[in-house]
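Working notes, beginning with the structure itself.
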């Protein structure tokens with residue numbers, strides 16, 4: 001009866017436990033595959049009874065959920081963990097002894113479980129904390145890509161703990177099964193051999209004592225494992241924190257490198273998030289049993305932690321190799337560009353060698369743009385004179401342009417010619433109150449650099465020739481010292497659109513022209529380099545014959561042996577053709593005509609002396625003052641022919657003089673004819689005037705006589721009338 005009442009109480013308690021722990025039991029069975037395995041083993045065993053299976057399931061419930069129900073009273077845990085063994089064939093004293101020993105054993109196990117639960121409860125928040133902080137430190141994009149890493153890791157930790165607890169409970173179940181099987185065999189054999197009951201009892205007591213010792217040893221081993229696990233977990237947490245700090249530093253370095261360089265990183269964020277998700281899944285799949293669980297946990301965590309962005313770089317060698325290849329290609333490209341720029345710099349230094357530098361200030365950007373487009377520049381007459389002198393004396397003259405209030409230099413160019421006047425006008429944008437007549441001539445320039453240079457990059461340069469002021473400060477036409485100007489020009493960014501070879505070619509051509517001596521002691525006059533066959537309009541003017549090209553020989557040419565002057569050609573200065581030089585240069589046209597008219601007729605034509613053995617034909621009287629027509633040359637008669645250049649030069653000069661003479665005669669005849677016509681008319685009028693005067697005088701005299709007669713008649717009438725009135 002007592003046993004039946006005790007079984008009923010145990011059944012009621014089990015029903016209450018089932019009601020309280022129904023839903024968590026389903027959850028635990030979902031996540032605890034060992035419980036199902038244990039159930040299948042128990043169902044397959046024929047030795048176990050139905051009551052034994054129910055006690056096994058009741059024993060698993062509190063063992064699994066003891067973590068969630070820490071606040072349960074000790075009595076409920078004791079009642080849940082009671083082992084119900086069949087009491088057939090046993091006396092009441094034996095049963096009481098077994099029951100007492102079983103209750104003592106359960107108390108000891110409950111105390112061990114409480115200690116373990118308290119330690120695990122205190123360990124759980126500390127364990128979860130670094131995972132939370134680690135998750136906080138992730139980027140928001142990675143958090144969006146792996147939304148459930150925290151839950152998976154927690155589930156993995158709980159699975160590890162449940163696996164360790166289930167291993168302990170499985171050990172207890174094995175012990176209880178052995179104990180129950182021993183008692184079952186004892187109870188089945190009691191009906192046959194009642195005399196052996198005492199021996200079975202002694203064996204059962206000894207087995208119970210051995211089981212108690214084994215349980216205590218297992219509990220001590222579990223405590224040691226827990227302590228070792230706690231120490232290992234603390235070490236792992238410290239290692240995790242250090243690795244997280246290293247990852248943060250590496251990510252910061254990567255960001256800095258991305259900000260500094262323009263090259264984009266080939267690694268994608270998906271790869272980083274993938275590596276992290278791998279670490280989370282590894283953590284969620286981890287499971288262990290017994291004492292090997294902690295070691296496996298440590299190894300797997302280290303392996304999972306090893307998959308970091310740094311390790312990913314090592315694994316993704318193809319991406320890094322391609323990135324390195326692109327960097328090598330970039331280095332090759334930069335080396336070729338560097339070689340071109342080095343060549344450009346060497347040419348620029350050659351152009352700037354022994355040059356003179358002038359600062360050119362413009363009032364607006366339009367004039368500088370016009371100068372860049374047409375390659376010309378105009379300045380005030382004061383600066384024009386200065387630049388012309390510099391062009392004659394220096395190897396190169398460099399103009400550095402700057403627009404006022406722009407804060408930059410707009411480029412620099414080299415003078416390629418002196419200023420010239422009379423060309424096509426250039427429409428400069430002039431400030432208010434300034435006319436184009438105030439500007440000087442037009443310079444031709446060759447641009448060396450059309451790119452800009454801010455003043456901030458030349459702040460360290462000062463001009464010694466402008467009181468050591470910064471080179472940006474200066475008026476229009478301010479000259480810059482050689483070293484300062486060279487450094488300033490080298491600061492400009494290279495302009496690959498400019499071919500410096502053309503500039504160097506013009507420099508060498510100018511130097512050759514400058515080094516050639518000029519005959520007759522005339523001052524050197526430079527002409528801008530022009531294409532062959534192109535001449536300015538003033539080159540066709542008959543009064544500018546001195547601008548035409550001549551063949552100039554060095555002074556020692558006429559003294560060289562074997563040189564004979566042409567006896568037919570005599571050097572005559574025909575520039576002024578008998579007119580005084582001051583009248584020819586500064587006089588008006590009327591003065592020139594008057595001077596030429598007073599000069600007298602030209603001398604009679606004298607042909608060139610003939611060569612020996614040649615007859616001279618007689619001159620026609622018409623050609624006394626005019627050149628005779630060209631005659632055919634006689635055949636070759638053993639003498640040297642006249643040089644073509646000498647013939648051409650003599651003919652050219654003589655033809656020019658003849659044209660001038662004819663022109664002056666025609667103009668003189670026209671002028672004299674215009675003046676003689678009115679004089680003849682006046683003379684004719686003067687001749688006809690005496691006749692007309694006589695007639696007029698006679699008419700006037702007759703009119704005067706008639707008027708006098710009329711006056712006398714009028715007087716007589718007046719007198720007669722006055723005498724009548726008096727009478």
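Cβ from N, Cα, C; glycine included.
Residues or ranges marked as region 'Disordered' by Swiss-Prot: 1-338 (among others).
Residues or ranges marked as compositional bias 'Basic and acidic residues' by Swiss-Prot: 1-12 (among others).
Per Swiss-Prot, phosphoserine is recorded for 35 (among others).
Summarising the annotation, Swiss-Prot assigns compositional bias 'Basic and acidic residues' to 50-59 (among others).
What Swiss-Prot lists as compositional bias 'Polar residues' is 63-90 (among others).
Positions annotated as compositional bias 'Basic and acidic residues' by Swiss-Prot: 91-115 (among others).
The annotation SUMO2 cross-link is assigned in Swiss-Prot to 96 on the grounds of a large-scale study or a structure entry.
According to Swiss-Prot, the phosphoserine annotation covers 118 (among others). Here the Cβ of residue 118 (phosphoserine) has 11 other Cβ atoms within 10 Å, regardless of which shown protein chain they belong to. Following the DSSP three-state reduction, the secondary structure of residue 118 (phosphoserine) is helix.
What Swiss-Prot records for 120 (among others) is phosphoserine.
Marked as compositional bias 'Basic and acidic residues' by Swiss-Prot: 124-144 (among others).
Here Swiss-Prot flags 146 (among others) as phosphoserine, drawing on a large-scale study or a structure entry.
According to Swiss-Prot, the phosphothreonine annotation covers 148, on the basis of a large-scale study or a structure entry.
Among the features that Swiss-Prot reports, compositional bias 'Basic and acidic residues' is placed at 151-163 (among others).
The feature compositional bias 'Basic and acidic residues' is assigned by Swiss-Prot to 170-185 (among others).
Sequence annotations record features per position, and here Swiss-Prot assigns compositional bias 'Acidic residues' to 199-254.
The compositional bias 'Basic and acidic residues' annotation in Swiss-Prot covers 255-270 (among others).
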Spatially closest candidate among 362, 378, 428, the listed binding-site residues, to residue 118 (phosphoserine) (Cα to Cα): 362
Cα distance (Å, whole number) from residue 424 (phosphoserine) to residue 377 (RNA binding site): 13
Taken over the domain 'YTH' (355-492), the model's mean pLDDT: 94
For the RNA site built from 361, 362, 363, 377, 378, 428, 476, further residues of that chain with CB within 8 A of the site's CB center: 360, 367, 368, 379
Summary of DSSP states over the domain 'YTH' (355-492), given as helix, strand and coil counts: 43 helix, 44 strand, 51 coil
